[in-house]
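Chemist: The domain 'Glyceraldehyde 3-phosphate dehydrogenase NAD(P) binding' annotation in TrEMBL covers 2-140. Residues or ranges marked as NAD(+) binding site by TrEMBL: 33, 301. According to TrEMBL, the active site, nucleophile annotation covers 140.
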Ligand SMILES: NC(=O)c1ccc[n+]([C@@H]2O[C@H](COP(=O)([O-])OP(=O)(O)OC[C@H]3O[C@@H](n4cnc5c(N)ncnc54)[C@H](O)[C@@H]3O)[C@@H](O)[C@H]2O)c1
């Protein structure tokens, strides 16, 4: 049983920790953070072992009545692999520690590809991550791009793709701190970074993205124009997309007309935090015109990278060398149909 540590128990870290705890071929050794408030109390309630990243944090946690198991160094000694879910740039600094300790590590999409030299998206390049020392699970937007375009590529339909991303302003729990209102803020540069980021996983993809930040917090939404290699039918395209178990085809005509209605459906389904691990792509909206394809989908930025991270753990530790088997196992544990 591989022992996995989670550093950074925030939006992504708390979800990764729960997902690890659900697996039968890995165990959660502990979670490590610097916070001592209600957020880490959630981990206390779940009876996870708690470690403090600094001496100061350890003292603060203890003063709040939290039983601290030890320091980050002590946690690392017990683990076979660490998943670093700290904010952008902090993980890149921690990498030095992981290298010194000779422990395998996974970082999240806020870090640069160069931090690990390998970027991961399960349905695209699981095989290339097997037994590596490190990888980076690409960001939420990039994961969605890779899932959809990889499915079209597998069916030999994809020539090139051009996408416009509507990006959520901030995460819901942090809405009191910032985020935009009554405006839309386009990114200065085209391409935005997500297209080139997808190419760190699959350099063959011809993909260009533009992005605009919008005043809501539930999810991202993407609009894509794709040039197909040949004229195709809508059915062929849908069959290609159906080869991904992590794309959920949804129907506008079933009342799923917005990101809030989709979120409500996932809450009704009983998913933790209403998490949607899948890309929710509108089947009835999707349009094929000759060799051109048009579609739109919603990305739950807080959730989509969770199954990817579980698969990355299996690949790096080598506990499963068949990507399809890992994906299936992860899907079953998270109730992804
Ligand atoms: N939030 C998203 O929608 C989202 C989606 C995909 C990927 N990501 C990526 O995941 C990573 C984490 O993002 P997040 O949104 O979960 O951040 P977050 O701010 O919600 O959580 C980060 C956690 O790390 C803790 N932390 C800070 N410094 C630390 C240290 N030195 N040692 C230990 N813990 C420390 C913080 O206290 C916090 O609990 C980033 O790379 C981000 O780009 C985020």
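Placement of Cβ uses the backbone N, Cα and C atoms for every residue, glycine included.
Quick one: how deep are these features, and who are their neighbours?
Modeler: Across the domain 'Glyceraldehyde 3-phosphate dehydrogenase NAD(P) binding' (2-140), DSSP helix (H, G, I), strand (E, B) and coil residues number 60 helix, 35 strand, 44 coil.
DSSP assigns residue 301 (NAD(+) binding site) to coil in the three-state reduction, placing it in neither a helix nor a strand. In sequence order, 140, 141, 168, 171, 219, 220 make up the list of same-chain residues 6 or more apart from residue 301 (NAD(+) binding site) whose Cβ falls under 8 Å from its Cβ.
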Chemist: Hey, what's the Cβ neighbour count for residue 33 (NAD(+) binding site) at 10 Å?
Modeler: 25
